[in-house]
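Engineer: Dropping a structure here in structure tokens format, bear with me for questions.
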Amino acid sequence: MIKCTRRIEFDAGHRIIEHQNKCQFLHGHRYVLEIAIAANKTDKLGMVIDFGLIKDLAKKWIDENFDHSLILHQDDKEMGQQIENCTGQKIYYMQNNPTAENIATHLKNEIFPKLFVSQNFFVTSLKLYETPNCFVEV
């Protein structure tokens, strides 16, 4: 198996419902996402994937949905709608609390399989950095 990794950076805000500390409040991060893609063999050009294709598919989705958005739990829709109405802020709703763990799992299991559906490779893992020192891997 041969693996290639592409980094994508984006800025987004979120909050964790029922968190007992400061993460219960709206705040933001400079997220760094590392997408690891693998194949059993390279293509006729000697590549697993053209890094530009990862950018075209994954970064485009991130830019349209997550970058400079507010990522909220679907139970936060009332607050999200008020923020969107007042500021025009882009809101992305998740079924779970938008923790780094849940965001990475959502991308790996629900979003990226749809983006890369007709390709000869697969996403093996994602690393999502919430800060330079803290990340999750799924």
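Here the Cβ of each residue, glycine as well, is placed from N, Cα and C on the backbone.
Annotated Zn(2+) binding site per Swiss-Prot: His14, His27, His29, in sequence order. Taken from Swiss-Prot, the feature active site, proton acceptor applies to Cys23, supported by similarity to another entry. Per Swiss-Prot, the feature active site, charge relay system maps to His68, Glu130; the stated evidence is similarity to another entry.
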Engineer: Per DSSP, to which secondary structure element type does Glu130 (active site, charge relay system) belong, with helix, strand and coil as the options?
Structural biologist: strand
Engineer: Neighbour count, 10 Å Cβ-Cβ cut-off, for His14 (Zn(2+) binding site): what number do you get?
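Structural biologist: There are 26 such Cβ atoms around His14 (Zn(2+) binding site).
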Engineer: Other than His14, His27, His29, which residues of the chain come within 8 Å of the Zn(2+) site, judged by Cβ distance to the Cβ centroid of those residues?
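Structural biologist: Near the Zn(2+) site, the remaining chain residues are Ala12, Gly13, Arg15, Cys23, Leu26, Gly28, Ile71, Glu130.
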Engineer: So among His14, Cys23, His27, His29, His68, all listed as recorded positions, which is physically nearest to Glu130 (active site, charge relay system)? Use the C-alpha atoms.
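Structural biologist: Result for Glu130 (active site, charge relay system): the nearest of the recorded positions is His29.
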Engineer: Should Cys23 (active site, proton acceptor) be counted as helix, strand, or coil on the basis of DSSP?
Structural biologist: helix
Engineer: Can you tell me which of the recorded positions His14, His29, His68 is spatially closest to Cys23 (active site, proton acceptor)? Compare CA atoms only.
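Structural biologist: Among His14, His29, His68, His14.
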Engineer: Quick check for the class: what is the C-alpha distance, in angstrom and rounded, between His27 (Zn(2+) binding site) and His68 (active site, charge relay system)?
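Structural biologist: Answer for this pair: 12 Å between alpha carbons.
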Engineer: Do me a favour and check the Cα-Cα span between His68 (active site, charge relay system) and His29 (Zn(2+) binding site); whole Å is fine.
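Structural biologist: Approximately 10 Å lies between the Cα of His68 (active site, charge relay system) and that of His29 (Zn(2+) binding site).
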Engineer: List every residue in the same chain as His29 (Zn(2+) binding site), at least 6 positions away in sequence, whose Cβ is under 8 Å from its Cβ.
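Structural biologist: Sequence-distant Cβ neighbours: Asp11, Ala12, Gly13, His14, Glu130, Thr131.
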